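The compositional bias 'Polar residues' annotation in TrEMBL covers 12-21. TrEMBL lists 25-99 with the feature domain 'Cation-transporting P-type ATPase N-terminal'. Under the heading region 'Disordered', TrEMBL lists 1-29. Annotation source TrEMBL lists transmembrane segment at 79-97, 103-122, 301-322, 328-353, 806-827, 843-864, 884-911, 931-953, 982-1003, 1015-1034.
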Amino acid sequence: MAKSGPDKSPTAHVSGQSNKPLSRPAHALSHAEVAAELNADALGGLSPEEAKRRLEEYGTNDLGEAEGVQPIKIVIAQVANAMTMVLILAMAVSFGIGSYIEGGVVAAVILLNIVVGFFQEYSAEKTMDSLRSLSSPTASVVRDGEAKVVPSGEIVPGDLVEVKMGDTIPADLRLIEAKNFETDEALLTGESLPVRKSENSVFEDNTGPGDRLNVAYSSSTCTKGRAKGIVFATGVYTEIGAIASALNKKDSKVRPVKRKPDGRAGPHRYLEAYTLTLGDVIGRFLGVNVGTPLQRKLSKLAMLLFGIAIVCAIIVLGANEFHTTQEVIIYAVATGLSMIPASLVVVLTITMAAGTKRMVQRNVIVRNLKSLEALGAVTDICSDKTGTLTQGKMVARGAWIPGLGTYTVELNSEPFNPTKGDMRFDTRMPHQISFKPKDSEKDVDDGASYGTIEKPTDLLSRSKSRLQEFLAVASLANLATVFQKDGAWHTRGDPTEVAIQVFSSRFNWNRVAFTSGEKPEWTEFAEFPFDSDVKRMSVIMKHNTTGEHITFTKGAVERVIGVCTRYYNTDDATARGAEVEMTEDFRNEVIRNMEVFASLGLRVLALASRKVDASVQISEDINRDLVERDLTFHGLIGLYDPPRPESAPAVRECHEAGISVHMLTGDHPETAKAIAIEVGILPKNMDRISGDVARAIVMTASAFDALSDDEVDNLPVLPLVIARCAPSTKVRMIEALHRRGKFCAMTGDGVNDSPSLRRADVGIAMGTGSDVAKDASDIVLTDDNFASIVAAIEEGRRIFDNIQKFVLHVLAENIAQAGTLLVGLAFKDETRLSVFPLAPVEIVWIIMITSGLPDMGLGFERAVPDIMRRPPQSLKTGIFTLEFLVDMVVYGLWITALCLSSFVLRVYAFGDGDLGSNCNDSYSEACETVFRARATTFACLTWFALFLAWELVDVRRSFFRMQPGSKLYFTQWMHDVWRNKFLFWAIVGGFITLFPTLYIPVINHKVFKHTGISWEWGIVFIAAGLFFGGVEAWKWGKRVYFRRAEAKKTGRAWKDMDIEERVFGDYLGGYSSQGSNTVLNTRD
C-alpha cells in the first residue's frame, strides 16, 4: 500500500495536477515551468538522496489495489479443503460411536494440521508476494546524470523518466522531449488508436485528458518512438488513479446463461448455468479445477484415494459381517484414514514456493507456478544472441570505407574508453586482408598483416571527406551518449549505438559536441527508430550553418544497400567521377566484405546518408519511405559482442541434459554462425555435415518463412541458427517444434516478441526488455543471461524430482498401512471380530506427525548429481511414471510384509497366539500379547517411514553411495544425511517422538492401544535391516535393468554417450534420432 500523504484521496485531487498542487495543471505549463515548480533537473534528474526523501514524503507509486497476503483466507482454505473434511468426518464418526479418545486425537491432529498448514501457507504466500513485486514493471530514470532501472513503485514526482517503444508509462509525465512518440491510452480514454505526443504544446486548464498531447499517462503503453518526461503525479494522483476502482473489479464466477439472438433463454439454460456454477464451486473446493496442472492432478488423486478409503472401510465391515459395533466401526475408520495423504497438497505448495525463492537467487523470477512444472520438461531452447548468449557490451572492431580502406581496433580492457586501444589502417578491402582469429592473443604482435598502427587524429587529418562523412553518420544516426565524468568514461543508450559512438569518439567526433551548446552545428528534426521489419534506423538533421536537411541512416547491410543508389570510390568528394552509381557488382563486393567481418563474429551494419529535397515538407509525421531512399553508401562498421564466459559451458550443459539450443538472431548468417560455433550451438566439425543438413542447420528468416509448413516438417532437421530473424519467424519456429512433439522455451524482449512468448511452452522475458514482453512471459531473467535459463531448467527438474519423491513416500506409506490393516482382518479374536495390527491413532500419528516433516524435507532436497545428464521428463505422464508406480507398490508391499511379519512373530512365534477379547477398545491382561505386538508393528512402521525418506533421496542410487565420484566408500552416507539438515532433524524428531507414545502410562494404553516393549526391539532392528536390504536390492535390480535396457536399444546408456554423438548425431550421422527417442521413452 502507498504510504499516506497529507491527503491521499483521489476525490480531493484535481485532474492534471501533481501530488502537491502546482500553480496550474501540468498540461497548462511549459515543461520548463513544471520542472522549476517541482525542483526537478531536466538534464541530470534527481539525486538518489532527494529521490529517497520524496519517496518517504509522497509514498510509493501504486494505486493501493494490491490485496497482499490475507491470513483469513488462508485459514478458511486450511479448513475448507477435501483432506481436512475427511479428517473431520472421521472425527465425527469417532465421537458418534463413543470413541472419544480417537475422536479427540483426530481433532488435535486437525487443529495441528490447520495451524502448521497456516504458517506454511502464509510463508509461501509471502514468498510469492515478494516475487510478484520483483516481476512488477520497472522504469528507466536518470538520477545524478546516470540512467538506471528502478521498480515503478519507487518513482517520485520530479523524477526524469526515459521511455521507449514497448514500455509501460510508470507515472503521469510532462514530456520534455518526444521523438515520434505515440502511446496507447485506450485504458484511460477509450481511444483505440495510438496518440501522437508533442512536448512543446501548452493547453488550457480545463482541457480533457484525451487532448493533453504534452502528457503521457501512467499505465499507458508506448507504441512508437521514445520520450523523456518529468514525473508530476504518482499513485492515486495519476489519471488512472481516478478509475482505480474500475480496475479492481473482480470477474464474476457465475456461469453466464446462454441466450438466443433475441436475448431470451429457456428454463433449461438457467438450470444449465446454475448446475455448471455449482460444479465450479465444488471443483474449486476440492481443488480439481484451480491451481497448477500438478496441483489439480494431486487433488484428483486425493479424490481417488478418498474413494479407495471408502471401499476399504466397506471391506472391513464386510469381513466382520457388517457388525456395527464400536470396534468394527473404529477399525473401518482406521483403514479409511490409512489411505488419506493429508500432508500432500501443503507440502507441494511449500516445495514450489521454496523453489521460486531459490530461483530468485539464480536471477530468475517466476511469474506463475505452472512454469515451474514445465521447466523440467523443456526439450528445446530458442534463444536470442545479443545480451543473452553474448555480453551485450559491444565494441567496434572494424570499419570499411569505399575508396579509403579498412580500419581495425584492437581489443582492450576498457571498451567504453575511446582513448584506449590501438587502431590499424589498411588501404585494402576486408576480403583482401588475412585476419587473425579475433580471440588470438597474438593479434597485437602479428597485426601488421592487416594494417599499421596509426593515431585516429592523424587518419582524420589525412582524409579529405570520406572519413568525415562516415563519422557524421556514425555519430548522428545514433541516440547513445558517451561522456567523461570525474576522469571516468560513462555511456548511456543501446549497446550497439554505444559501440558506434565510442568508435566515432576516437576521432573526437561525438554527437553531444555537435548537437548541444548555445549554437549547435546540428539540430535533430525527425527520428525513425529501428524497426524489426525494415531493420533500419534514421534521423533527419539540420545543418545549422548551411541550412541543409540530411538523412543519416544505419542498419542491416542488405536492407541499407537495397535503398542506396550511389557511393564514392575515392576520398576526394570533389574529384571528377568520385560519386558513382551503385551497381550490382559493387553490391556483391559490399556483401563479400561484410561476410569477411561476419565470419570473425562481428555484427555488421551499413551507414548511408542523403540530402533531403527542399520540396519535401519535413516533420515527425513524414513517411520514412520518402527519406530512406536514393541514399549514398558510406561504408560498413563491424561490432564484436563477445560471448559470455558462461555461455559455452551452459550450452554444453543443455546438450548433456538432452536439450537442443536454437539461436534466433537478427544478425547476418555468418556472424550468427561464428558465434554459434564458438558457444557450441553448432558442431565445430561442420565439414562432416551433409549438404542438405548443412542447408537446414543454418538458415535465414526469409528462407525459413518462404517454406510451407509441410516443407518445414520435411526438413531433415530444424535449424539450430536462424539469422535475420523477425518476430513472426519465432512464432513459426515454435509451431514447427510443436509439430515435432517438442516442448520449447523462447526468449524475447521486444513488444513484437509477445506473440512468440505466449505461444511458447515457457516464455522467457529479459529483465531489460519491454513491459509488454514481461507481461506475456512465464519467467523473467534479471541478468539476461543464457546460463540463468539453464539454472532455471535445473531448478525445475529438481523441484519435479522432489515432488515425485515426497509423493512416492506418502503413497507408499498409504499402501503399507492399508495393506497391513486389510490383511490384518484375518486376525480374529474370541468374538470373531478382527483385531487391528495398527490402531487408528497410530495411523494418524504416522501420517501427520512422523511423516509430515520428512515429506517436507524431501521437498527441500538438493538436485541429484546427474540431474542435468539425462533427457527431459515427459509432462504427459508427469510424476506418475511407470517406475514411480512400480516403486510405490513394491515399497508399500515390502513394508506391509515386514509389519505383518513382526506382528505374527510377536503373537504366534514368541507369544501364546491368544488375541484376547475386546483388544481393539481397551487394555487387559488377556490383551498383553496383542498390545505388545501392536507396539512392535508401530515401531517397525515408524522406522520404515523414516528410513524410506532417506532411501528416496535418490530413487536409483544406493543410500550408501549417492555420490558416485566420492572416495569416502564407507562414510559418504553420513555426509549425505547431514547435508539436508531439515530432513535430518525431521527424521531424528520422528525417532524421538516414538518413545513417549510407547512408554508414557495412560497415553500408551488408552490413546495408542499398545504398551511398552523390551526384547521386541530385537524384532524391530532385524526388520529394519531387512527393510534396508530389500530396498537396496530393489534399487540394484533397477540400475541393472535400466543399464541393460538402454544399452540394448542405443548401444550404451545416455549419460555414457559422447556429447557430439548425443547432440549432433542427427546431423553428423552414425546415430539415429529413433535411438534418442527410445532413451527418452525409457527414462519416462
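Placed from the backbone N, Cα and C atoms, the Cβ positions cover glycine too.
The list of residues near the compositional bias 'Polar residues' (12-21) in space but at least 6 beyond its ends in sequence, with Cβ under 8 angstroms from a Cβ of it, reads 5, 27-28, 38, 58, 157, 205, 207, 209, 212, 215, 232-237, 239, 241-242. For the transmembrane segment (1015-1034), the list of distant contacts is 887, 890-891, 894-895, 898, 901-902, 905-906, 932, 935-936, 939-940, 943-944, 947-948, 951, 958-960: same-chain residues at least six beyond its ends, Cβ to Cβ under 8 Å. Sequence-distant residue pairs (6 or more apart) of the transmembrane segment (843-864) and the transmembrane segment (301-322) include fewer than 3 whose Cβ atoms are under 8 Å, leaving the two stretches without contact. Mean pLDDT for the domain 'Cation-transporting P-type ATPase N-terminal' (25-99) in the predicted structure: 81. Note: the domain 'Cation-transporting P-type ATPase N-terminal' (25-99) comprises 45 helix, 1 strand, 29 coil (DSSP; helix = H, G, I, strand = E, B).
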